[in-house]
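Record features (Swiss-Prot):
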type	residues	note
BINDING	HIS79, CYS124, HIS141	Zn(2+) binding site
Amino acid sequence: MKERFIKKTHYLDYQFDEPTDIKLGFTTRENGLSPYPNHSFNMARYISDSAHHITHHQDILANLIGYPRDEWVFPIQTHDSRIVEVTSEHKGTNIDELTDDLHGIDGMYTFDSHILLTMCYADCVPVYFYSEPHGYIGLAHAGWRGTYGQIVKEMLKKVDFDYEDLKIVIGPATSNSYEINDDIKNKFEELTIDSTLYIETRGKNQHGIDLKKANALLLEEAGVPSKNIYVTEYATSENLDLFFSYRVEKGQTGRMLAFIGRK
């Protein structure tokens, strides 16, 4: 399948089949001010970095994609499966500074226009949802905990229209080189999707898991047509020149920003 994320300055831009009012993308680590290492484009305020750096990077991205910072919404993610609907009243939340608002949220959606849903990632899976006929957009953060917690199915529970009208984009995340132990493997085997399709045993207490594939399987099992699910080939852990990787860089790294908005 042709890669739909096209590299631009500072971000990957998702290419739709038809003209659309939706903007969907994922930032890269290139050409910024942050020390991860020097000149990195970190987008997270919650790690050790200058607030000035983050604001500067936000301003750059805002100008590139046509969504001013006061239209952005950023929840505080906690690797859980809590979902919230956001509206125009949430615009600007946690953008200039972090607050207690939208804390513990790993999935959000809206039917309002002129809102940019944003979340930070550095190996976890960004899952974008949209339906042009229904004016709906959504974004979920699925690390191994969120994937095991089936956050994508929690997102689907909030959808009250036919899944034929729903499109899903699974963005850049770690490759199947992401290693888990027996305990985590056993957790995933509790799920009703076939674990042999996304987990590969490589040695004693060593298993590689394809989190992008697992989320696609969960969506298909829930009834989303496979033709409506796009999975990028980009892997954060395999492209350190382009992406931050929490696992590969042992936590000493920045964060990319996934975003989706509708004019």
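Backbone N, Cα and C define each Cβ position, glycine as well.
Features as recorded by Swiss-Prot, highlighted on the structure.
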residue: HIS79; record: Zn(2+) binding site; DSSP class: coil
residue: CYS124; record: Zn(2+) binding site; DSSP class: coil
residue: HIS141; record: Zn(2+) binding site; DSSP class: strand
Fewest other CB within 10 angstroms, which one of the binding-site residues HIS79, HIS141?
HIS79
Which are the residues of the chain, HIS79, CYS124, HIS141 excluded, whose CB is within 8 A of where the CB atoms of the Zn(2+) site average out, their centroid?
GLN77, ASP106, MET119, TYR121, VAL125, ALA142, GLY143, ARG145, GLY146
Listed in sequence order, residues with CB under 8 A of CYS124 (Zn(2+) binding site) and six or more positions away:
HIS79, HIS141, ALA142, GLY143, GLY146, ALA173, THR174, LEU211
